[in-house]
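*Asks:* Quick paste from TrEMBL:
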- A:Cys426, A:Cys429, A:Cys465, A:Cys468: Zn(2+) 1 binding site (BINDING)
- A:Cys435, A:Cys438, A:Cys453, A:Cys456: Zn(2+) 2 binding site (BINDING)
- A:29-128: domain 'Primosomal protein N' 3' DNA-binding' (DOMAIN)
- A:1-21: region 'Disordered' (REGION)
- A:137-182: region 'Disordered' (REGION)
Amino acid sequence: MQLSLLHGFSTPATPVGKSQPAPELPIARVLLDSPLPHLDRPFDYLVPADLSDAAVPGVRVKVRFGGQELAGFLIERLASTDTTARLVNLGKVVSAVPVLSPEILGLAQSVAARCAGSVHDVLRVAVPPRVARVEKEFADRVPGAGTQDEPTAGTAEKAEEKNGPSDAPPKQGQPAGNPFRRYAHGPRFLSHLAAGHSPRAVLSSLRGYGPDAWPREIAAAVEATVLSGRGAVVVVPDQKDLARVMDALQDRVPADTAVRLTGEDGPTPRYRSFLRLLYGDASVAVGTRSAAYAPVANLGLVCIWDDADDLHAEQRAPYQHARDVLLLRAEAAGAGMLVASHTRSTEAQRLIESGWAAPLDAERALVRASTARVMSTADTFNLERDPLAARARIPHAAWKAAQDGLKRGPVLVQVARTGFSPALSCQDCREPARCRQCQGPLAQAGRNSPPACRWCARPEPRWHCPHCGSFRLRASTAGAGRTAEELGRAFPSVTVVSSAGDHIRSEVPDAPALVVATPGAEPVAPSGYAAALLLDGTAMLSRQSLRAQEETLRRWLTASALVRPASEGGVVVVTADDTATVGHLLRWDPAGAAERELALRRELGLPPAVRYAELTGSREGLEGFVSRLGLPESARIVGPAPVEESTVHGAEAAAQRWRTLCFFPYSEANVITPAMRAAKAALSARRTGDPVYIRVDAPDGL
DNA sequence: AGCACGCCGACT
DNA sequence: GTCGGCGTGCTC
């Protein structure tokens with residue numbers, strides 16, 4: 001009650017009725033900061049004369065809407081409005097900084113349309129929260145007036161002073177020449193960029209460590225772009241990769257040209273980097289997925305590292321993928337694009353086959369010379385002949401490779417991610433639960449799936465403990481940890497390093513050590529690993545996912561790229577039974593794997609040969625929703641089918657959720673996804689409960 | 001989330 | 001005949 005009283009007094013009788021509208025362009029078009037889908041469109045307001053100068057497109061504003069004061073972005077000034085509604089005055093301009101450029105607004109709108117989501121949800125990711133103190137550092141500056149066009153040495157110096165001295169360490173080591181020389185058409189890609197053109201390419205990177213590592217390749221492409229007087233955006237999956245790219249850029253572009261842009265740095269540094277780009281003090285943005293929207297003017301190149309990494313997909317609606325955001329941005333801005341990875345995603349393969357991007361691949365001979373020797377071994381082994389191997393619970397060939405490798409340097413052991421398939425042990429005596437057939441560790445793929453062997457995949461539904469006779473299993477948290485422990489026992493005098501989950505190591509010394517890591521958490525050894533053991537292949541391959549093979553090959557190639565080439569004794573041992581995927585690793589053939597995979601998807605009418613949307617909600621809700629869409633003949637509806645409650649959206653887990661899949665050709669997408677968006681807005685306006693959640697092109701949905 | 005407008009029941 | 005219940009729908 002007191003609150004409402006206070007509120008009543010704090011908003012004095014508005015003098016707006018009396019104030020004159022601005023003489024020029026008196027209408028302001030505003031995007032509201034509201035999560036409601038049916039409000040996700042511009043609303044017009046009257047600009048009072050005293051706000052006219054500050055009310056420029058892109059600024060944050062406050063407006064009265066319905067009952068309350070809402071934040072929003074002013075996106076346009078207009079001479080007249082086409083609404084019949086009685087216009088209300090713009091409340092206030094929150095900050096003079098035009099944080100939402102027309103380019104990024106357009107991008108957010110395209111992304112929202114593509115994902116059948118709201119512009120608001122995209123903008124929440126694209127424009128970082130305001131930090132007023134940081135804005136003061138840029139007082140009296142004009143956006144975009146930074147370095148290139150005008151001689152603004154004075155202001156630049158001032159900014160330098162305020163930001164403190166550059167903490168860039170002096171250049172060390174020598175830039176490794178042109179890292180693109182190893183790829184057919186690679187040098188031409190760089191020279192086109194440097195000449196101000198906008199080539200598009202998919203690069204199959206060969207090396208993950210040392211002077212020829214992929215961060216140097218990305219840095220070279222950025223350098224070429226900067227030489228042409230243009231800016232660049234680089235998106236990487238995580239902090240570890242971000243640090244590596246920033247490091248590689250130090251040798252390639254002038255100090256302070258590039259900024260880190262990631263939410264994990266916290267609001268203040270993030271907003272400062274954002275403003276440095278906006279004001280033109282920096283022209284290269286490197287960051288995690290939200291950096292795809294970085295306000296880099298005069299964009300020459302967008303670049304994504306390892307686009308198949310699931311970290312590139314936004315976790316919240318509309319679940320947009322950094323690769324797709326960058327594709328839309330490159331198209332709209334006329335920028336070049338570089339999709340680089342040790343593997344090749346089926347999406348990247350599609351870009352190549354459609355002629356949109358060119359492949360940059362090394363010649364076979366060079367591939368063989370640059371990569372490790374890969375051996376495969378069946379996922380089972382003979383316990384009796386192999387007591388030591390049994391103790392480490394790894395096949396003999398792998399054990400042997402580790403033993404040899406440890407004489408020459410660190411040895412990487414890749415194990416399945418914890419939680420992805422948690423190992424099981426006896427609830428009562430805590431002994432690890434083992435397969436009766438091969439003694440492999442038992443694991444559960446999901447909460448309700450029966451235990452199965454992680455090596456031979458044999459299900460063990462009626463397990464009982466051979467030690468104490470108990471029938472009760474417990475999920476143990478130790479994936480990498482346990483393996484590290486076991487390996488430590490098998491190699492008693494060797495240092496064991498573990499890198500997974502919350503204790504990720506980015507680097508290990510060149511000294512002999514066993515480095516146990518989960519996929520994506522592999523530390524880099526400066527001179528490469530002497531050997532790598534890729535365990536748990538069968539578990540990864542038997543995952544219930546359309547992408548199991550693609551994803552497994554990606555993890556294998558990424559780990560193998562950290563191993564020295566065969567000529568320097570580098571060895572990779574993979575334990576799995578799948579012949580096709582193992583074959584692509586043995587031949588180091590990501591292109592062939594992607595070709596094969598995309599051909600298969602095309603045959604089956606599955607993504608990414610087609611696009612698709614995943615609709616979840618109540619059964620009735622879905623039926624009504626789909627019937628309202630007016631789908632063309634070419635769209636294929638599958639379901640609805642009940643879904644497991646593994647990913648609960650709301651608190652009420654009681655209601656059974658259903659899922660409908662809708663597959664449609666690329667050519668119809670620009671009709672179908674906006675229709676879905678409109679249907680969701682209509683549904684939300686009527687407030688009939690029963691929401692339908694839309695997820696377009698989810699990488700892990702099938 | 002609030003506020004208007006709208007169509008039914010109780011009261012002046 | 002008018003005041004007011006709160007039940008749908010819109011909010012520049």
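Here the Cβ of each residue, glycine as well, is placed from N, Cα and C on the backbone.
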*Asks:* Measure from the CA atom of A:Cys426 (Zn(2+) 1 binding site) to the CA atom of A:Cys435 (Zn(2+) 2 binding site) and give the result in Å, rounded to a whole number.
*Replies:* 13
*Asks:* Reduce the DSSP letter at A:Cys465 (Zn(2+) 1 binding site) to three states and note it down.
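*Replies:* In three-state terms, A:Cys465 (Zn(2+) 1 binding site) counts as coil.
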*Asks:* How many other Cβ atoms are found within 10 Å of the Cβ atom of A:Cys468 (Zn(2+) 1 binding site), counting all protein chains shown?
*Replies:* 13
*Asks:* Just the number: how many Å between the Cα atoms of A:Cys426 (Zn(2+) 1 binding site) and A:Cys453 (Zn(2+) 2 binding site)?
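*Replies:* Between the alpha carbons of A:Cys426 (Zn(2+) 1 binding site) and A:Cys453 (Zn(2+) 2 binding site) there are 15 Å.
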*Asks:* Run through the Cβ atoms and count how many others sit within 10 Å of the one on A:Cys435 (Zn(2+) 2 binding site).
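*Replies:* Around A:Cys435 (Zn(2+) 2 binding site), other Cβ atoms within 10 Å: 22.
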*Asks:* So, by DSSP, how many helix, strand and coil residues make up the domain 'Primosomal protein N' 3' DNA-binding' (A:29-128)?
*Replies:* 28 helix, 31 strand, 41 coil
*Asks:* Minimum Cβ neighbour count within 10 Å among the binding-site residues A:Cys426, A:Cys429: which residue?
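*Replies:* If we count Cβ atoms within 10 Å for the binding-site residues A:Cys426, A:Cys429, the smallest count is at A:Cys429.
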*Asks:* Counting only residues 6+ apart in the same chain, whose Cβ is under 8 Å from the Cβ of A:Cys465 (Zn(2+) 1 binding site)?
*Replies:* A:Cys426, A:Asp428, A:Cys429, A:Glu431, A:Ala433, A:Phe471
*Asks:* In this predicted model, what is the average pLDDT of the domain 'Primosomal protein N' 3' DNA-binding' (A:29-128)?
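*Replies:* A mean pLDDT of 94 is what the predicted model shows over the domain 'Primosomal protein N' 3' DNA-binding' (A:29-128).
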*Asks:* For A:Cys435 (Zn(2+) 2 binding site), which DSSP three-state class applies?
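*Replies:* Where A:Cys435 (Zn(2+) 2 binding site) sits, the three-state DSSP reduction gives coil.
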*Asks:* Between the Cα atoms of A:Cys453 (Zn(2+) 2 binding site) and A:Cys468 (Zn(2+) 1 binding site), what distance do you get, rounded to the nearest Å?
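*Replies:* A:Cys468 (Zn(2+) 1 binding site) has its Cα 20 Å from the Cα of A:Cys453 (Zn(2+) 2 binding site).
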